[in-house]
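Q: Features from TrEMBL:
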type	residues	note
BINDING	Asp478, Asn505, Gly507	Mg(2+) binding site
DOMAIN	40-145	domain 'Thiamine pyrophosphate enzyme N-terminal TPP-binding'
DOMAIN	237-353	domain 'Thiamine pyrophosphate enzyme central'
DOMAIN	447-570	domain 'Thiamine pyrophosphate enzyme TPP-binding'
Amino acid sequence: MDTIVGSLDTCKPENGDVIRPNGPVRSAPRSVVSDSSSATLGRHLAHRLVEIGVNDVFSVPGDFNLALLDHLIAEPGLNLIGCCNELNAGYAADGYARSRGVGACVVTFTVGGLSVINAIAGAYSENLPLICIVGGPNSNDYGTNRILHHTIGLSDFRQELTCFEAVTCYQAVVNNLEDAHEQIDKAVSMALSESKPVYISISCNLAATPHPTFRSDPVPFSLSTKSSNKMSLEAAVEATVEFLNKAVKPVLVGGPKMRMAKASKALVELADASGYPLAVMPSAKGLVPEDHPHFIGTYWGAVSSPFCAEIVESADAYLFAGPIFNDYASVGYSLLIKKEKAIIIHPDRVTVANGPTFGCVLMSDFMTELAKRVKRNETAYENYHRIFLTQGKPLKSQPKEPLRVNTMFQHVQTMLSSETAVIAETGDSWFNCQKLKLPRGCGYEFQMQYGSIGWSVGATLGYAQAQPEKRVLAFIGDGSFQVTAQEVSTMIRNEQKSIIFLVNNGGYTIEVEIHDGPYNVIKNWNYTGFVDAIHNGKGTCWTTKVTCEEELVEAITIASEAKKDCLCFIEVILHKDDTSKELLEWGSRVSAANSRPPNHD
């Protein structure tokens with residue numbers, strides 16, 4: 001069965017799921033193709049982007065993509081966002097995909113493609129549908145042994161393609177019009193069905209060229225829906241029910257791959273039916289509502305939410321929905337989890353108690369069916385309720401006392417609502433933002449698997465562009481900010497109203513806690529002066545610097561009220577050794593894992 005896709009709703013799906021093409025749709029704004037001058041490859045690509053829900057494309061111009069950009073601009077419903085560099089354009093498309101369900105960026109051949117590739121790799125690691133479009137060489141240059149500019153000086157044009165093969169699930173090199181329609185539609189379909197980035201290279205002389213396959217209003221895009229094998233699904237559910245119903249104190253833990261599987265709602269249904277405690281892995285924060293009555297926080301081994309690890313690790317059965325057990329998520333491989341007690345649900349298969357694996361079973365289908373048959377058991381949640389103690393509050397600050405990070409985030413908590421979203425940069429912001437209690441509807445994003453410093457600046461641009469009705473609160477360390485800082489310019493240019501908290505503690509604090517050295521100290525900038533210079537009197541932007549609690553409270557009040565309609569940049573001065581206790585614990589365990597001596601087998 002095929003699902004016809006129109007422009008996807010601009011709001012983020014409930015519980016932060018990535019929108020998939022078989023979700024809710026509405027009619028796309030489409031231009032009527034009435035003559036051959038507009039029946040071009042470039043306009044067809046533009047149609048497809050709007051159809052699948054991309055209304056903003058992040059780009060950097062270059063001579064190989066200029067004609068293509070003309071056709072993207074000409075498409076109603078498509079807005080071109082010019083970025084300061086390709087890396088940031090890729091990060092912005094990543095943030096956009098997290099909010100809207102799919103994102104796109106356009107760069108030029110090789111010199112642009114190899115610049116954006118780090119962002120594409122991050123999107124691949126995080127299972128995000130992202131369409132990376134590259135303006136390629138003139139179609140007449142293929143096979144001529146000519147050497148082109150923007151390349152490494154070889155006549156083989158595969159350099160860029162070879163690099164992208166490792167970080168995309170499909171690659172389309174469009175250097176003739178005969179199969180252009182098929183290649184583009186295949187690439188778009190792969191991005192959406194696999195929830196991974198794709199690469200599309202379009203020869204610079206083809207974008208504006210008419211062709212009969214593009215003469216009429218394009219056939220509506222469609223994508224076949226996936227379904228579970230009924231027999232395999234039944235066998236998986238039966239084995240799991242038998243296992244869980246024998247357990248005394250089972251628990252549920254949501255993982256990051258719930259996003260690509262669109263399974264957050266199904267996990268909540270299972271939690272409602274089973275009565276089990278509901279936790280999330282750190283990279284799944286925001287994918288389930290934290291106001292759920294059985295939500296017990298983040299399971300992150302030794303740096304879990306208070307009392308969460310004790311409940312999860314003492315359980316005699318745990319169901320993990322879409323987990324990724326990398327060294328960071330496992331706190332240096334120190335989780336006290338046993339495979340024989342675990343049910344691991346992947347997007348398309350289920351493994352029960354380190355035993356049989358049932359294939360062709362979709363995560364959402366599996367949990368929906370499981371919820372109908374599992375016996376209710378609240379024992380583990382009752383244990384959590386017995387041992388739980390209210391967390392302490394930070395020590396009271398003295399007047400003008402230097403600001404502490406725990407005091408800062410106590411005030412940040414009051415800013416959160418259904419009309420906000422949190423973006424946490426790699427570093428101590430991971431741990432401090434993880435402790436925030438998210439109101440229902442509050443977005444939350446961070447890049448844990450890839451952990452590329454500087455990601456959050458571009459991601460903030462993209463996320464805010466995708467959901468202008470939400471105010472994005474971004475928490476970015478000074479070291480990370482220096483990597484991608486110039487994209488604040490694009491935020492101002494596009495009249496965004498995010499609040500950036502620049503956490504200035506003099507260096508790469510997360511690296512300090514893993515392995516310290518002089519390389520972790522950076523040159524201090526006048527960060528507010530830098531943003532003021534970017535602002536340059538054009539657009540709406542407000543900056544301030546805070547050093548104590550009183551100044552922070554005043555800054556938050558101004559940003560939330562008088563300056564609620566403009567970009568706000570709040571530089572927060574903290575001591576270089578002022579970190580969360582979780583980072584101290586996590587850093588020491590990751591350091592131990594990194595420094596293991598080589599085996600001598």
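A Cβ is built for glycine as well, from the same backbone N, Cα and C atoms used for every other residue.
Not measured: the values here are computed from a predicted model.
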Q: Just counting, how many other CB atoms are there within 10 A of the CB of Asn505 (Mg(2+) binding site)?
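A: Result for Asn505 (Mg(2+) binding site): 21 other Cβ atoms within 10 Å.
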Q: Per DSSP, how many helix, strand and coil residues does the domain 'Thiamine pyrophosphate enzyme N-terminal TPP-binding' (40-145) have?
A: 50 helix, 22 strand, 34 coil
Q: When a 10 Å sphere is centred on the Cβ of Asp478 (Mg(2+) binding site), how many other Cβ atoms does it contain?
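A: The Cβ of Asp478 (Mg(2+) binding site) has 25 Cβ neighbours within 10 Å.
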Q: Tell me, roughly as an integer, the mean pLDDT over the domain 'Thiamine pyrophosphate enzyme N-terminal TPP-binding' (40-145).
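A: Mean pLDDT across the domain 'Thiamine pyrophosphate enzyme N-terminal TPP-binding' (40-145) comes out at 95.
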